[in-house]
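Input: a single structure, listed below in structure tokens.
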Amino acid sequence: MMQINIWKILVVHLSIIIGFSCSLQRNPEDNPDIPAIAKYFSTKGRYEEVNPHLIEDVLAVNRSILQPPYAQCREIHLTAIIRHGTRYPTTKNIKKMQKFYDLVKSRASGKESWLREIQTQWTMWYTEDMDGRLVQKGVNDHKHLAVRLSKLFPSLISEEKLRGGFIKFITSSKHRCVNSTLSFKAGLTELWDIKDKEFDHAVNDALMRFFDQCTRFLQEVDNNPSAVTEVDKFRQGPEMRRVQEKIADRLSIPYNAITDDMAEAAFYLCAYEFAIKTVNSPWCRLFDEVDAQVLEYANDLKQFWKRGYGYDINSKSSCILFHDVFSRLDQAANENKSGQQVTEAVTVQIGHAETLLPLLTLLGFFKDSEALTSTNYATQTHRSFRTSHMLPYAANLLLVLYDCGGGDLRLQPLLNEKPVTFPGLTDQKASMPLYQDVREHYGELLRGCDFENECQLFKHPSEM
Ligand SMILES: *[C@@H]1O[C@H](CO)[C@@H](O)[C@H](O)[C@H]1NC(C)=O
Ligand SMILES: *[C@@H]1O[C@H](CO)[C@@H](O)[C@H](O)[C@H]1NC(C)=O
Ligand SMILES: *[C@@H]1O[C@H](CO)[C@@H](O)[C@H](O)[C@H]1NC(C)=O
């Protein structure tokens, strides 16, 4: 214990010194502990890469980003849909990583120090039983997010509201989501030093894993290899081939020894070592920024066709969550209007990247004019559909309902704690449109978007 404390003190002093001497170059790109390619890790990326100010102070909050249009606006409800925190790789990816590691260890040659490090010092510490479980960093992701949200919305996420049962928790049944939920709650109970009470959560896969229950989606997309032909073509295409050749060159092994799966596994090794342990591992030396952009595109393509705009059913599978969100907002709005206290001040819903992306797509976020395909990598350089920005670990969509007095209710969306605007609804006071206008904007979906109907295999002809 004593030793740890001394170390802590030393580290604090050191970081003050470093903080002073580096205050002119706080850019994460200049930090040698952060791989230059860290911003291309797609759904394997750190939350800090989309909010770099958290690298310095993980509890930093800037309330003035909210900017309600009138001073009298008060938050009355918050729905937070949050992805689980940082996790171990899945068994499937651990197997791929093992295979690539074996290859590098047995066949690569060269005198570079990073290669020697992989071959003589690095050990394959990932084991198949880790299978996607939440890691300690993931626990912290959610604890810290909980504290930041309580600072951003102090009247909603408060000790009083938590104790009073006005904060509801709903989670997917997956262990990494349940553990994220426990971590989020622990963030709050530790903040307020609550020891005399525990707070429930509900497991609800119909809401948080709707994709598993949507037959049409499963049959036409998820279990249908031909749904992702664009992904396969890109992975066999010239851009990916070049990445594989460059990896082979760096390892001095024949080109045909590096498959697209291996390039992906190498990328994962760099990404996971960084996300889990915050180390800039020697694996990252296998890529330059151009390579990372190609691999990011391969991942974006997959998400686009499997969860995003590629097929209509991808977003429609989230109709059940869409309606759930709006019915909570309606309820809060109606309670406030009719002079009652809002019974569900906050709803915290914890799920997956696969939960958030279809919903973001249904709401129209990150839609480019052209589809992502195997042949338009170059023209998609400036696409908005970038999972690295949208879906890092602990990614979150926040919907905040405000009462601005006299029945003026407004809804502000935030993605990853940053205000965004509902696409197609820009002509509004700042980023906070009238709730009524949001409901009208999504009116067609609110009247339709029926999960049962959308997800059945053969739709009634009149509904096609
Ligand atoms: C907080 O956000 C406001 C509005 O975006 C900005 O002007 C201000 O500089 C930020 N303050 C800090 C300390 O980052
Ligand atoms: C997650 O939850 C399980 C079951 O409660 C527990 O055994 C495990 O240690 C937890 N993992 C983390 C990282 O909290
Ligand atoms: C509606 O919300 C506003 C803002 O919090 C509050 O001032 C008002 O009292 C609420 N109305 C009722 C009836 O609770």
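Note that the numbers count up from 1, one per residue, in the order the chain is shown.
Quick reminder: no glycine exception, Cβ is built from N, Cα and C everywhere.
Just so you know, TrEMBL annotations are computer predictions that nobody has curated.
Keep in mind it's a predicted model, so treat the numbers as computed, not measured.
Listed in TrEMBL for this protein:
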type: DISULFID; residues: Cys73-Cys404; note: disulfide bond
type: DISULFID; residues: Cys270-Cys284; note: disulfide bond
type: SIGNAL; residues: 1-23; note: signal peptide
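Cα of Cys270 (disulfide bond) to Cα of Cys73 (disulfide bond): a distance of 45 Å.
For Cys73 (disulfide bond) paired with Cys284 (disulfide bond), the C-alpha to C-alpha distance reads 47 Å. If you take the C-beta of Cys284 (disulfide bond) and look for same-chain residues 6 or more apart in sequence within under 8 angstroms, you find Pro35, Ala36, Ile37, Cys270, Glu273, Phe274.
Remark: Cys404 (disulfide bond) has Pro68, Pro69, Tyr70, Gln72, Cys73, Arg74, Arg410 as non-local neighbours, by Cβ distance under 8 Å and separation of at least 6 in sequence. Looking only at the disulfide-bonded residues Cys73, Cys270, the densest Cβ neighbourhood within 10 Å occurs at Cys270. According to DSSP, Cys270 (disulfide bond) sits within a helical segment.
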